[in-house]
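Participant: Dumping the structure here so I can ask a few things about it.
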Amino acid sequence: MNLKEKTRALFAEIFSYPATHTIQAPGRVNLIGEHTDYNDGFVLPCAIDYQTVISCAPRDDRTVRVIAADYDNQVEEFSLDAPIVTHDSQQWSNYVRGVVKHLQQRNNAFGGVDMVISGNVPQGAGLSSSASLEVAVGTVFQQLYHLPLDGAQIALNGQEAENQFVGCNCGIMDQLISALGKKDHALLIDCRTLGAKAVSMPKGVAVVIINSNFKRTLVGSEYNTRREQCETGARFFQQPALRDVSLEAFNAVASELDPVVAKRVRHVLSENARTVEAASALEKGDLQRMGQLMAESHASMRDDFEITVPQIDTLVDIVKATIGDQGGVRMTGGGFGGCVVALIPEDLVPAVRQAVAQQYEAKTGIKETFYVCKPSQGAGQC
């Protein structure tokens, strides 16, 4: 039974009437463009075929009722006429509450909803299960009540809910790609303007995500330190963001910067350039050049931004040794663990899976998780 069938069946069973709509919103993986989003730079993610699915129907009152199928059918209920506050024990429900609260501030022309939620985006793997949930909930209200909100506004609403209501800092990329993703394409997103350009993916290429399953510990504090270092760099150049600094301008005065800040700045500037070039390489179907850019990106994250760990570097080395120049591999996500992403010809997937299975656990003592994904459509009815 797929997620649509599961949520529709559960909806009818619990609410004793049929759902009118089923909405999905996907998770995502970032192919290249790491730690560039909060520097007003470029990212190149694609939506993946793991998603949050919600079967739903409008109510004729002001109550929102939610069933979380993945949490033992926990029930959540709140009124649109009372102040929406955080739930003490059900963390999942705060994503729903936050999205609805921020939607009210944008456009209050909606009533109550019954919904059943289920998803298969792996949690804690850096594949944006939370953004997928936020965008799915926003799309439910937009579709049921014909709200005049586009995908970018639904994405911004989700980001606000996560930052201000749930209390977790994030850029806009995760929600934007979940809302705007296009089947068989990646999106080159300009994080300053939120402009997005669809980039076609070469035929016969698989998006492979391998979770190192190394438990991330430093990610919060180190993330904030990296942001501060980037802001220090932008101030040195008297620019609003590192997006506005050229590599030439940086190279001319790099020796005057604090050495650590200089390394952080160099990563962001070079990563922005790589990301724009990667979009053009993908569009041309030049997997070899894409692989070189992904290798440079990983080296920059390892040596200049210093956010990889030995387990991640080991995974990258195993994959690279298997595929040679027929594709690329790099760490993806915030760093200090998490996943690597590889773009490889579909016929090489079994060899990569086997090499990783034979070598990674032997070298690190940790068993990986292996996902083969397809670039998928963004949020909407399913």
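Just so it is clear, glycine is given a Cβ too, placed from its N, Cα and C backbone atoms.
What Swiss-Prot lists as site 'Transition state stabilizer' is Arg28. Annotated substrate binding site per Swiss-Prot: Glu34, His35, Thr36, Asp37, Tyr223, in sequence order. Among the features that Swiss-Prot reports, ATP binding site is placed at Gly124, Ala125, Gly126, Leu127, Ser128, Ser129, Ser130. Annotated Mg(2+) binding site per Swiss-Prot: Ser130, Glu162, in sequence order, evidence recorded as sequence analysis. Swiss-Prot lists Asp174 with the feature active site, proton acceptor, giving sequence analysis as the kind of evidence.
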Participant: Quick one: pull the CA-CA distance for Ser129 (ATP binding site) versus Arg28 (site 'Transition state stabilizer'), whole Å only.
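Facilitator: Taking the Cα atoms only, Ser129 (ATP binding site) lies 8 Å from Arg28 (site 'Transition state stabilizer').
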Participant: Using a 10 Å radius around each Cβ and counting other Cβ atoms from all shown chains, which of the binding-site residues Gly124, Gly126 yields the largest count?
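Facilitator: By the 10 Å Cβ neighbour count, Gly126 comes out on top.
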Participant: Considering Cα atoms only, can you say which of Glu34, His35, Glu162, Asp174, Tyr223 is the nearest neighbour of Ser128 (ATP binding site) among these recorded positions?
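Facilitator: Closest candidate to Ser128 (ATP binding site), judged by Cα separation, is Asp174.
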Participant: Compile a sequence-ordered list of residues in the same chain as Asp174 (active site, proton acceptor), six or more apart from it, whose Cβ lies below 8 A from its Cβ; state 'none' when nothing qualifies.
Facilitator: Arg28, Pro45, Ser128, Ser130, Ala131, Gln159
Participant: For Ser129 (ATP binding site), list the number of other Cβ atoms lying within 10 Å of its Cβ atom.
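Facilitator: I get 22 for this one.
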Participant: Specify all same-chain residues, apart from the site residues Glu34, His35, Thr36, Asp37, Tyr223, whose Cβ lies within 8 angstroms of the center of the Cβ atoms of the substrate site, ordered by sequence.
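Facilitator: Going along the sequence, the neighbours come out as Gly33, Tyr38, Asn39, Gly41, Val43, Gly171, Arg226, Val268, Glu271, Gly334.
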Participant: Which are the residues of the chain, Gly124, Ala125, Gly126, Leu127, Ser128, Ser129, Ser130 excluded, whose CB is within 8 A of where the CB atoms of the ATP site average out, their centroid?
Facilitator: Gly27, Val121, Pro122, Gln123
Participant: Which has the fewest other CB atoms in a 10 Å radius around its CB: Thr36, Ser128, Ser130, the listed binding-site residues?
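Facilitator: If we count Cβ atoms within 10 Å for the binding-site residues Thr36, Ser128, Ser130, the smallest count is at Ser130.
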Participant: Between the two most separated Cα atoms in Glu34, His35, Thr36, Asp37, Tyr223, the residues recorded as binding substrate, what distance in Å do you get?
Facilitator: 12
Participant: What residues, ordered by sequence, lie under 8 A Cβ-to-Cβ from Glu162 (Mg(2+) binding site) and sit at least six positions away in the same chain?
Facilitator: Tyr95, Gly98, Ser130, Ala131, Glu134, Cys168, Cys170, Gln175
Participant: Take the Cβ of His35 (substrate binding site) and count every other Cβ within 10 Å, whichever protein chain it belongs to.
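Facilitator: There are 25 of them.
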